[in-house]
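Taken straight from Swiss-Prot:
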SIGNAL    1-29  signal peptide
DISULFID  45-172  disulfide bond
CARBOHYD  113  N-linked glycosylation site
DISULFID  154-209  disulfide bond
CARBOHYD  419  N-linked glycosylation site
CARBOHYD  432  N-linked glycosylation site
LIPID     480  GPI-anchor amidated aspartate
C-alpha cells in the first residue's frame, strides 16, 4: 500500500516537472526577487514615449492656430483696404473679408479647445510618462554588471528572467530632455494598446531583484502590498509581482491612464487639427483661386455677402466666383493683379512716410492705411448731398440757405454761397446753381453770380502738403477724391473697414 502511494506521489511530481519544462515562459505564483518581464517593460515604455510628446503636440497645435489667426487678421485688413480702393471688385473684396473672419473664428475655436479638460488630459499624459520612466530606469538600473544572460536583474527576459539588453533609454526615450519634438502621435491609441497587454508582469525565473524581495521579512513588518504606477503593477507582500494581475486587468480602474484610454482619441483628433489662414500674398491668392476645389472654400463667405433671395443664387457657383475675381485655373486672378497695383503712404515715424505696395505692408502699416482711408471716406461722404437722387428746386434751396447767417457755414454747403455785399441779412446766404451742379466741396463766393471752382480746378496743381479738403494725393498727383466714390458706397466701405479694425 505504501509503495502504491509513493508511486502516485512520484507521478504527480513528474507531471509538475514536465509542465514546467514544456511551459518555461509561464510564470508561477509570485516569487520574491523575480524581475519584471521585459515584454511588459517595453509596453510601458512604448506608451511613455507617446505620452511625453503630447505637450509638444499641443504647443504645435496652438502655434498653428495663433499664426492662422494673426495672418487672417492681416488678410482682413487687406480685404478692407481693397474694398475701399477697388470699387470694381467690391464683391471679391467683401467675400475675402468675410472669409478671413471665418478663418479667425476657426483659429479661435481651435485655441478654445485647450481651455479645459483637454489640456488637463495632456498634463495627465505627461505625468504618467514621468512616473513610468523613473520606475523603468530604477528597475533596469538594479542589475549585475556583465553580459546578457546573467540572472541578477530587476528587468529580465519574460522566459527565464535573465538579464536583457538595456532598452529603457531607447524604448522610453528618456534622453530627449527638453528637445522633444511634436510627432502627431495618438495618445488615445497608445493608452488602449497598453491596456491590452496580457503578459504576466513577473518573469518566469530569477530571484535576485532587491526591489521585489519579501517585503514582510526584509522590513520586519510590511502588512500591505506595494502598488506601482497607481496599481498597474503590484509587488506582493511576500515578494515578487502579484500573480494574476496583468496591465490588461489593472488598466480599467487605473487612474493614471484610464481617462486617457477613454478620452484620448478626442484629444488626439484636436491635436491633429491644422487651422488654415486667409491669403495675404499674391501667391496665396493664386492658390486659393486657381482651381475649382480651392475656389469652393469661398462659397460660404460669398453666400453670406450676397444673402441670396430664393431662386437668385447661381446654380454654378464656380462660374460665378471666377467672374467675381476674374479668375482662371492656374493663373493669377484679375483681383490679385489689381491689388498689386495699389501703393499707400505708410508712416515711418518722426513725420516721415514711405510709399509701400499693398502686399508688402505689415499689419501695423495696414492699420495706419485703414485709419487714413476711413478718414478720407468720411470726409468725402460728408460733402455729398443727403439725397443724391433728389434735385432741389431754387425755392427749396433758397429757403435752406437763407436760414444760415454765418458766412463759413454758408460756404460749407455744396449748394450755398455767401454774398457779403448783400444788405438784406436774410439774402446774404443764397442758393448757387453752378456750385450745386458741380456737387463738390464748397468755395467762398463774394457774389452769387460769381463762378465756383470745379472739382478738378480745386485740386489740380496742388502740392502734396496742400492736397487735402476733398482732394487726395495719388500717383504723385493731387486728385479730386469725391469722383472716386458715391456717398452710399463710401459709407459701406467705412462700415466694412471699421468691422476689420474691431478684430
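Cβ atoms are placed via backbone N, Cα and C, with glycine included.
Swiss-Prot feature annotations superimposed on the structure.
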| residue | record | contacts (Cβ under 8 Å, 6+ apart) |
| --- | --- | --- |
| 45 | disulfide bond | 132, 136, 167, 168, 171, 172, 173 |
| 113 | N-linked glycosylation site | 270, 273 |
| 154 | disulfide bond | 35, 36, 138, 139, 140, 142, 143, 209, 210, 211, 212 |
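Just so you know, the Cβ of residue 419 (N-linked glycosylation site) picks up 20 other Cβ atoms within 10 Å once every protein chain is counted. In this structure, residue 45 (disulfide bond) is part of a helix by DSSP. When Cβ atoms from all protein chains are considered, those within 10 Å of residue 432 (N-linked glycosylation site) total 28, not counting its own. The local packing around residue 172 (disulfide bond), expressed as other Cβ atoms within 10 Å of its Cβ over all shown chains, amounts to 27.
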